[in-house]
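What follows is a short report on a single structure.
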Amino acid sequence: MAITLRLAMLPVLPIPVPVCHDEFSYLLGSDTFASGRVTNPAHPMWVHFETFHVNQQPTYCSKYPPAQALFLAAGQAFFGHPWFGVCLSMGLMFAALCWMLLAWVEPVPALLTSVLCLLGWAFTGTWINSYWGGAVAAAGGALLVGAIPRIITAPGAASVLSAAFGVVLLANSRPYEGLLTVIAAGLVFAWRWRSKGIPSASVLVRTALPFLAILLPAFAAMGYYNYRTTKNPVLMPYVVNQRTYTASPFFYVLPPVPAPAYRHEVIRKYWVDWVVPFYLKARADPRVAITKSAKIMWRFYFLTPILPALLIGLLFGARRDVGAALAIAAGPVLGLLPAESALPHYLAPAFGAFVLIVGLGMQALWRWQYKNVRAGAVLSVAVLWISLGFCAHQIVVEMFLMKHTDAPIATKPLLTEQLQKQPGMHLVIVRYGANHKIDHEWVYNRADIDASRIVWAQDMGAAKNQELLDYYRDRKFWLLQPDIDPLAIVPYTEP
């Protein structure tokens, strides 16, 4: 229902335009999968196409795990645009959250909590209005959390398969935080199951077999994906990219590393001049990184319609269940403390645990009586109305931001449309100025570069550019200087 409403709002909240580095990398993965390929061969002119979060060697692919790109590819292949894949992932997340809640709380509080989640994330925010992802990992975490009481109460194939599917989603969306979530959830599961007595051998077999029936083929497929993209079944594309481009570790507790050799100044500036200072500040004073990440998480997860019910859950929810939710969330939360920075989707595997506390809060509120009057039911409805007002405010803000974005890269679709109206094939050489915003990158290409009508390349100077011009003799050559005018292209005429 929420996704249908979001689609109905397209006239005022249009399909989002990608602006961040990460989004373009996920879209490359989408284009690759939608084209029927696992990865793409390295291009002979790959040095001209180097960009952020994309591997050029040993194959041309996104560095990110494949789950988010697979959803985007479904949207691209079946509905004509990757954003519809975002909608599919959000629909899966909301369904998984509702299913999870029904295992822990009564139906009415589960429904009310689901509505709160819809009001908080179905219409605004980066999970629905970007290509970054978050919903896939959140769905995986919710399936895992929802399976715990079901398996303990009545072990069955459906619950076990749901848990296994959740693990697969986590492993292929947020592997690190997902692993910590799985470990924490596994400990909670073992503790609660053990408290009911040692399960029989037949119950263990009935539980383990469906679980392994999903996990073993899934992990084999992951190894195959790694082999196709990196030529090594146990080497992830993400690790290859980190080794190739990064000039500092992601965790500030790790020692410094030497900067690699860069072929493009814009890439060096990003990794050395922009990212390394975050690492050094965090290493000098970890409170800087922790405070920064905590503020980001607070705004995204908790300064939302779920906050009142979350506080009620922490104070008045069933202690045992609140403790279980906190224990599960603690895994990824603690795992991100040594990170030099953290974005909201990093913590997506724990979203189900957060929502569980909200559900327990709504249940406590719904049950509350004052002088034999169901005052809690009235307050529950009041919470929904307040949340509806918050949602309406956020929609207005999002409409304004979409309409008045100051990101020059947001004009790339207009420039692309301008070029597509001209006949023939095009090569656009991008030359950045000294005032270039390092987080706005123009050089991103489709999966099949040579078949693309428009190819984007880094400016490498007249001599190096000439080898690219010789390779693309049948194309029109253009020069774009986006820091002067992002919509002005002129014929490339340098010898």
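Placement of Cβ uses the backbone N, Cα and C atoms for every residue, glycine included.
Here is what TrEMBL records for this protein:
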- 83-102: transmembrane segment (TRANSMEM)
- 108-124: transmembrane segment (TRANSMEM)
- 154-171: transmembrane segment (TRANSMEM)
- 178-195: transmembrane segment (TRANSMEM)
- 207-227: transmembrane segment (TRANSMEM)
- 296-316: transmembrane segment (TRANSMEM)
- 346-366: transmembrane segment (TRANSMEM)
- 378-397: transmembrane segment (TRANSMEM)
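Of the candidate ranges 207-227, 346-366, 378-397, 346-366 has the most C-beta pairs within less than 8 angstroms of the transmembrane segment (296-316). Here the transmembrane segment (178-195) has long-range neighbours at 137, 140-141, 144-145, 148-149, 151-152, 167, 169-171, 324, 327-332, 334-335, 349-350, 353, meaning same-chain residues at least 6 beyond its ends whose C-beta is under 8 angstroms from one of its own.
Sequence-distant neighbours of the transmembrane segment (83-102) (same chain, 6+ residues past either end, Cβ-Cβ under 8 Å): 2-3, 6-7, 15-16, 30, 68, 71-76, 109-111, 113-114, 117-118, 121-122, 127-128, 130-131, 133, 135-136, 138-140, 142-143, 145-146, 162, 166, 351-352, 355-356, 359. Simply put, out of 154-171, 207-227, 346-366, 378-397, 378-397 has the most Cβ pairs sitting under 8 Å from the transmembrane segment (108-124). Only residues 6 or more beyond the boundaries of the transmembrane segment (346-366), in the same chain, are considered here, and those with a CB under 8 A from a CB of the stretch are 96-97, 100-101, 104-106, 108-110, 112-113, 116-117, 133-138, 140-146, 170, 173-174, 177-178, 180-181, 297, 301, 306, 308-314, 316-318, 321-322, 324-326, 328-329, 331-333, 336, 339, 376-377, 379-380, 383.
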